[in-house]
Structures are given as C-alpha cells and as structure tokens.
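Peer 1: What follows is a structure written as structure tokens; I'll ask about it next.
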C-alpha cells in the first residue's frame with residue numbers, strides 16, 4: 001500500500017474503534033430500558049407503537065415464546081414482500097412500467113430480504129420499481145437487521161441473568177433496535193451520502209444519445225437466462241451496438257445507508273457499491289465501510305456492559321479484529337501481486353480487473369473483507385475477478401460463519417456459540433466442568449452451539465454437491481472447471497450464511513438456484529437463531545458459579561488466541577476439501 005492508502009486504512013479503524021464504546025454503551029442503555037439522549041423524542045413514539053399494536057412492554061418471554069414471535073414476524077414480512085413483488089405492475093411509483101417478478105424470483109427475493117441476505121438474482125435498476133425498492137426492500141433492510149439485533153440481545157440476557165426463564169420481549173427489542181439505533185444513524189448517513197453525490201429522487205430514467213456508437217460483446221443467453229456454451233464448454237458471445245444509454249434514477253441514498261448499516265447489502269443498482277450513484281467518492285467508500293462494521297463491533301461492548309465485564313466484550317472484539325485484519329493483509333498482498341497468467345506475459349502490476357480506480361486497491365480490498373466478514377454482501381469490487389487465492393479470502397470469511405465481526409446481531413451470537421465450544425473443549429483438556437461467565441456449560445448448551453455453528457456449513461456442502469450433479473445448475477455456470485465450482489460454492493456459502501454477494505459468472509435467476517437458494521437462506525438464518533435462543537434460555541435458568549482457581553479466564557489474551565484457533569480449526573475441517581477442489585486447484589493451475 002502507498003502512504004495515502006495506509007493512512008486512510010489506519011484512520012478508518014481509529015474512528016471505528018473510537019465509536020465502539022459510545023455506541024455500545026448507548027445500545028446497552030436502550031435495551032436495558034434506561035433513559036438516553038433520544039428518549040425525549042422517541043419514547044412517546046415507542047409508547048404509541050406499543051399501544052397501537054397491543055404490546056405489553058413490561059411482559060417478558062421465555063426462549064420458546066421469543067423464538068415463536070421472531071419466526072412469526074418474519075413469516076408475515078416475507079408474505080408481505082412476496083405479494084408486493086408479485087403485484088409490482090399494479091403498484092404506484094413505477095415510472096419504467098416494470099412487470100411483476102416471476103414466482104420463483106419473488107420467492108427467492110422475499111426470502112433473501114427477510115433473512116438479511118439480500119441475495120439478488122435480478123438487476124435492481126432493470127426489475128424493481130421505486131415502490132418496491134422503498135416500501136418493500138428498504139423497509140425489510142430495517143426490520144431484518146432489527147431482528148438480528150433483538151436475538152443477540154436476548155442471548156446476552158441469557159448469559160447475564162440467573163435462575164430465570166425470561167429473555168426479554170421480542171416486540172420491544174425489535175422496536176427499540178429500529179427506533180433508537182437503525183433509523184437515527186441511517187438518517188445521518190443518508191444525508192452525508194447525498195453530500196458526496198449519491199442520488200435521491202423520483203425522476204424517470206434518462207435516455208442520453210451517445211456521441212459515438214459503442215460496439216461490444218455480451219454473453220448470449222437462452223430462453224431460461226442461462227449462458228449458451230460452445231462444444232468445449234466456453235460461453236458464446238454476441239456483438240451488440242449501443243447508440244444511446246439509459247441513466248437510471250431513484251431514491252438511492254435512503255436505501256444505501258441502511259443497506260450498509262444493517263449489513264444487508266442489496267444494491268439499488270446491479271453494480272451495487274461500485275456504481276457511482278451508490279458510492280461516488282473515496283470518502284463515501286470509507287463511510288460505507290465504517291457503516292458496515294460499526295454495529296457488529298459495537299455490540300461486543302454492549303455484551304460486555306450487559307454481563308458486567310467489559311473486558312469480555314473487548315476480548316471478542318479482539319478476535320474479530322485479528323481475523324479481519326489478517327484476511328485484509330492476505331487479500332491486499334495477493335491482489336497487489338497481480339494475475340499470475342498476466343505476469344507470465346511480462347505485464348507486472350496489481351490485479352485491477354473488476355476494481356474501480358477511484359477506490360484503489362486498498363479501498364477495494366478493505367471493502368471486500370468488511371462486506372464478507374459481516375453478512376453485508378455489498379460490493380465495490382467484482383469478486384469473480386479476484387485472483388483464485390484473493391477470491392478464497394471472502395469465501396472463507398463467509399464459510400467461517402459470518403462472525404468477524406458478522407452481521408448485526410448474528411455475528412455476536414455466532415461468536416458466542418464458538419466461545420462456548422472453545423470453553424467446552426478447554427474444559428475437556430484439563431478435566432474440569434467448563435464454565436463461561438459463571439455459567440456451567442453442559443450437554444444442552446453444547447448441542448445448541450454446534451447447531452448454531454454448523455447449520456449453514458452443512459447446507460453449503462449438501463447444496464453445492466447437488467448443484468454439481470444437476471444439469472440445470474451446471475448449465476448456469478459461465479466458467480468450466482475449478483472456477484465454476486468456486487462460483488457454485490461461493491453462491492451457496494453466500495446464501496446459507498446470509499451474505500448475498502456473488503461470483504457474478506453464475507446465472508442465478510434459474511428455478512434451481514432460486515428455490516434451493518431460498519432453502520439455504522431460511523435454514524442459514526433461522527436454525528442458528530432458534531438454536532442460540534434455546535442455548536440462552538438454558539443459560540438464563542442456571543445459577544451463577546463463582547470463579548475458582550481452575551476456572552479458565554475468558555477475558556485474557558490466551559483465551560482470545562484459543563478462540564481464534566478453534567474458529568479456524570472448525571472452518572478448516574469443514575471446508576478445506578471443498579476449497580481444495582475450487583480456488584486452490586485454480587491457483588495451482590495458473591501458477592504451474
């Protein structure tokens with residue numbers, strides 16, 4: 001990295017870490033029902049919402065009621081968005097007269113935005129009306145993020161409380177996450193983005209004639225949208241001449257802010273945050289990275305504050321930061337080394353294919369690890385154009401379970417599940433009953449933490465295997481061989497771990513990927529969430545056990561390193577064979 005890139009990277013993390021304690025403390029006060037600086041303005045609105053919806057804010061739920069409320073709410077918002085997509089052509093604010101989505105695409109998209117995945121098998125500016133983008137997708141960006149935060153807060157209460165079955169009230173946590181955290185920060189962020197050039201309007205698309213016609217080759221597709229291939233398996237292209245260009249408009253800034261803050265990731269435009277109307281300047285790029293990482297990192301301090309030991313939160317943050325920075329260093333290194341095939345031709349330099357020069361290599365690499373280390377999935381770089389090892393980095397961050405720092409809420413509770421596993425394994429090694437935060441870790445907690453950690457991974461491997469033997473799934477791959485496998489593996493890793501980014505060479509808008517992708521997103525979202533709530537319910541009922549001489553300190557550097565090792569070992573044992581057949585083989589093929 002040059003001096004400029006180094007300074008902007010250091011500045012970003014300095015600002016981020018400086019905001020962790022204030023925001024983490026604020027969130028702890030919000031969810032503990034304490035008065036905050038926003039209470040005079042928002043408390044009346046909060047009370048009004050409870051009254052209108054018939055919610056008793058003083059009533060608390062056990063883990064089963066909490067989980068039922070969470071699942072029921074998500075079922076309702078899924079059905080609402082599905083209906084909206086199927087009736088898009090009848091709804092207002094559709095100046096381009098976009099038709100309704102097909103039922104398979106509507107199913108996949110509704111599941112995607114309900115589960116905080118934001119996988120998009122469509123191009124936003126070519127398929128979704130302003131009404132769909134605003135009332136459907138943007139609203140879901142808020143409530144899906146609030147759902148993740150609510151579950152994380154319930155899990156924190158499970159560790160903090162003693163001899164009780166109560167984990168809080170889902171409806172209260174959902175409301176407070178939206179009103180006090182997501183809406184205010186998104187409002188400020190949207191205004192800053194507008195100042196940088198992100199558009200916000202309701203104008204019709206603008207058709208502009210080109211000074212000189214442009215001729216280019218584009219992949220040829222059949223009636224199902226899959227790429228046409230020649231007998232050798234390579235894609236067939238057709239030549240197109242463009243005489244005018246259509247410039248899309250729309251209310252982008254309001255969606256862009258919550259897209260990043262809620263680690264949602266679904267772009268208003270097909271190019272996502274590489275589009276100049278979504279991410280026009282280096283400053284907007286740094287702001288979007290900050291928004292992506294802000295809440296997941298700050299929730300670790302919220303955890304420490306609510307359990308009464310902030311060092312516990314800093315320990316988890318340290319593990320997240322260590323893996324994230326190591327991933328950034330590797331990605332930056334391999335991409336700056338260039339494409340091996342191009343280097344063999346005597347052309348030296350960084351691999352800038354698929355990257356925007358206004359962000360530079362460091363700005364692109366940092367965005368890539370931030371968006372895949374969380375469950376965001378927004379991109380300012382085309383991940384399919386990364387070198388094989390470069391592409392393996394974001395893929396691996398997803399396969400680890402989206403926990404460095406993970407999605408809003410989901411990252412923290414997945415990390416806590418790994419912490420329980422790490423404590424349990426260490427207890428077995430020294431012959432003592434494992435304890436974490438004064439709670440004994442027993443069989444029930446272990447089972448639930450294992451389900452939390454492995455549910456998404458099992459779906460990735462099973463569905464990727466099915467795709468490799470399904471003719472329709474293979475036909476959707478634009479690239480043969482190891483890279484084609486990488487595209488499929490990346491797709492299911494992204495969907496099952498609720499990320500949403502993609503290797504763009506895969507034609508995802510097919511019946512196979514729409515339906516099985518929806519299944520992966522549902523299991524990847526709700527199996528861990530329900531399992532971790534069950535674990536929290538069990539922990540909340542336990543008595544507090546004072547630490548003794550044999551208790552493993554979980555707020556010290558040795559435990560942080562042990563937790564890091566456990567995360568990497570579980571990831572390696574689960575996915576190394578699959579990665580060996582994809583990006584690793586591709587890298588060896590290119591360098592031999």
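Just so it is clear, glycine is given a Cβ too, placed from its N, Cα and C backbone atoms.
As annotated in Swiss-Prot:
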type: TRANSMEM; residues: 7-27; note: transmembrane segment
type: TRANSMEM; residues: 71-91; note: transmembrane segment
type: TRANSMEM; residues: 136-156; note: transmembrane segment
type: TRANSMEM; residues: 179-199; note: transmembrane segment
type: TRANSMEM; residues: 287-307; note: transmembrane segment
type: TRANSMEM; residues: 314-334; note: transmembrane segment
type: TRANSMEM; residues: 411-431; note: transmembrane segment
type: TRANSMEM; residues: 449-469; note: transmembrane segment
type: TRANSMEM; residues: 473-493; note: transmembrane segment
type: TRANSMEM; residues: 515-535; note: transmembrane segment
type: TRANSMEM; residues: 559-579; note: transmembrane segment
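What does the local environment look like for each feature on the list?
Peer 2: Beyond the ends of the transmembrane segment (136-156), by six or more residues, the same chain brings 31, 63, 66, 70, 73-74, 77, 81, 84-85, 113-116, 118, 128, 167-168, 170, 173-174, 177-178, 181-183, 186, 254-255, 258-259, 261-264, 266, 295, 299, 302-303, 306-307, 407-410, 412-413, 416, 529, 532-533, 535-536 to within a C-beta distance below 8 angstroms of the stretch.
Within its own chain, the transmembrane segment (287-307) has Cβ neighbours under 8 Å at 12, 15-17, 19-21, 23-25, 27-28, 31-32, 145, 149, 152-153, 156-157, 159-160, 181, 185, 189, 192-193, 196, 256-257, 260-263, 273, 279, 313-314, 316-317, 320-321, 366-367, 370-371, 374, 376, 378, 380, 405-409, 411-412, 416, 437, counting only residues six or more beyond its boundaries.
Under 8 Å from some Cβ of the transmembrane segment (314-334) lie the Cβ atoms of residues 1, 20, 296-297, 300-301, 303-304, 361-362, 365-366, 368-370, 373, 386-387, 389-390, 393-394, 396-397, 400, 403-406, 411-412, 415-416, 419, 554-557, 559-560, 563-564, 567-568, all in the same chain and six or more residues away from its ends.
Counting only same-chain residues 6+ beyond the ends of the transmembrane segment (449-469), those with a CB under 8 A from a CB of the stretch are 399, 401-402, 413-414, 417-418, 420-421, 424, 485, 488-489, 492-493, 496-498, 512-513, 516, 519-520, 523-524, 527-528, 531-532, 535, 570, 574-575, 578.
Sequence-distant neighbours of the transmembrane segment (473-493) (same chain, 6+ residues past either end, Cβ-Cβ under 8 Å): 219, 226-227, 229, 233-235, 383-384, 388, 391-392, 395, 398-399, 459-460, 463-464, 466-467, 499, 502-503, 505-508, 510, 512-513, 517, 520, 578-579, 581-583, 585-586, 589.
Sequence-distant contacts of the transmembrane segment (515-535) (same chain, six or more residues past either end, CB-CB distance under 8 Å): 63, 66-67, 70-71, 74, 104, 107-108, 111-112, 115-117, 119, 121, 148, 151, 154-155, 158, 167, 410, 413-414, 416-417, 420, 444-445, 448-449, 451-453, 455-456, 459-460, 463, 466-467, 491-492, 495-498, 508.
Taking Cβ pairs closer than 8 Å, the transmembrane segment (559-579) reaches residues 315-316, 318-319, 322-323, 392, 395-396, 399-401, 403, 418-419, 421-422, 425-426, 453-454, 457, 460-461, 464, 489, 552-553 in its own chain, all 6 or more past its ends.
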Peer 1: When you scan the chain for residues with a C-beta under 8 Å from the transmembrane segment (71-91), skipping those not six or more beyond its ends, what do you find?
Peer 2: 97-101, 103, 105-107, 109-111, 113-115, 128-129, 131-132, 135-137, 140, 143-144, 147, 170, 174, 526, 530
